[in-house]
Amino acid sequence: MQNLSSLDVKGKRVLVRVDYNVPVKDGVVQDDTRVTASLPTVNALLGAGASVVLMSHFGRPKGGPEDKYSLRPVAPVLEKVLGRPVKFIASLPGSDETLQAVQELQPGEVALLENVRFEAGEEKNNPELNQKLARLGDAFVLDAFGSAHRAHSSVSGVAAQLPHAAGTLLQTEVEALGRLIEAPESPYVVIIGGAKVSDKIKVIENLLPKVDRMLIGGGMMFTFIKARGGVIGNSLVEDDQVDYARGLLEQFGDKLMLPTDAVAADRFAADADTRVVPADQIPEGWMGLDIGPDTQQAYTEALRGAKTVFWNGPMGVFEFPAFAAGTNAVAAAVGSLKNQAYTVVGGGDSVSAINKSGKADQIDHISTGGGASLELLEGKALPGVEAMR
């Protein structure tokens, strides 16, 4: 991929696709992680004498302006973390008004465009919109790894029209995740959780031949346990994936590690009655909502001595304190490998879990891209990444 140093930006206007799809409540940004993640690229461009025009999507508007999806609340947050004024441009990104506003920018100045999904052609990679957006810069930088798997106008469409390069964040993500696929150091342990096997099929398939152990947790564990003939009560199961899970167990049984015990609940609620039971003997009318203490210990042991670790997906319904112990145990175990193993955490829920556990600073790489991380690990070519080559 071309990096920032390949662009001559002095005195030029650089259009940067960032990922500012942040949680906003009552017009206030709740978490500025994605905003601060863009600073290395923005500061590098400003330092090289450019003016910077930032472009992002936010939420899922229906191809037109909607107040609740405006990026306006992000501007003051960006000003604060950047330490300089940010000009918010409220007109549609592809409009002549926006073009006029960005043409007035001086080197060292920063503008934030309105939500690019307010343009109906954005998600269709519309050629006319691609050209309108390309007018806004002399060069284009893609730094939105979280959107790199989308062939949209603001991701790959504009790239074809302008000199382009990958931003610091995009580069870091692709290199960090690449290490999990290309010659990972052994022992290589992957922890996969979350509700559904169907969401993770391709990742599981692509990684299983490369790993030494794959630890399964979360709701998906019961599809595997049922495939082994276990009794799962009212636990979450994907019946249409049971045969598939059985096939994986037959082919990779020596690598796949399943929970031996589970925290079962009499209903799906924070204050449900709970008991620890064998994972393949969930009582009738009960449901497994977390891995049990024996499994927590076994998974912690399985991680000891690992040289490469990837974790995606929680071990249980960690939003409820009664079912968070499994996820917290994995967070602690992965965090304890600092300086011994190369550790990567990806996927929204596992990132929240690692942040909640206070272990985030002990992880080598925390991925900002949910779907994009998984698609890269599935072995897919991402349109945004390909456009930067």
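Placement of Cβ uses the backbone N, Cα and C atoms for every residue, glycine included.
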*According to Swiss-Prot, ASP19, TYR20, ASN21, ARG34, HIS57, PHE58, GLY59, ARG60, ARG117 bind substrate; so which of ARG84, ARG150, ARG179, ARG213 is the extra one listed there?*
ARG150
_Site extent for substrate (largest Cα pair distance over ASP19, TYR20, ASN21, ARG34, HIS57, PHE58, GLY59, ARG60, ARG117, ARG150, Å)_ = 18
*Which has the fewest other CB atoms in a 10 Å radius around its CB: GLY59, GLY288, GLY347, the listed binding-site residues?*
GLY59
*Neighbourhood of GLU319 (ATP binding site) by C-beta distance under 8 A, where only residues 6 or more apart in the same chain count*: none
_Length of the line joining the Cα atoms of SER350 (ATP binding site) and ASP19 (substrate binding site), in Å_ = 19
*Among the binding-site residues ASP19, ASP349, which residue has the largest number of other Cβ atoms within 10 Å of its own Cβ?*
ASP19
*Packing count at HIS57 (substrate binding site) (other Cβ atoms within 10 Å of its Cβ)*: 27
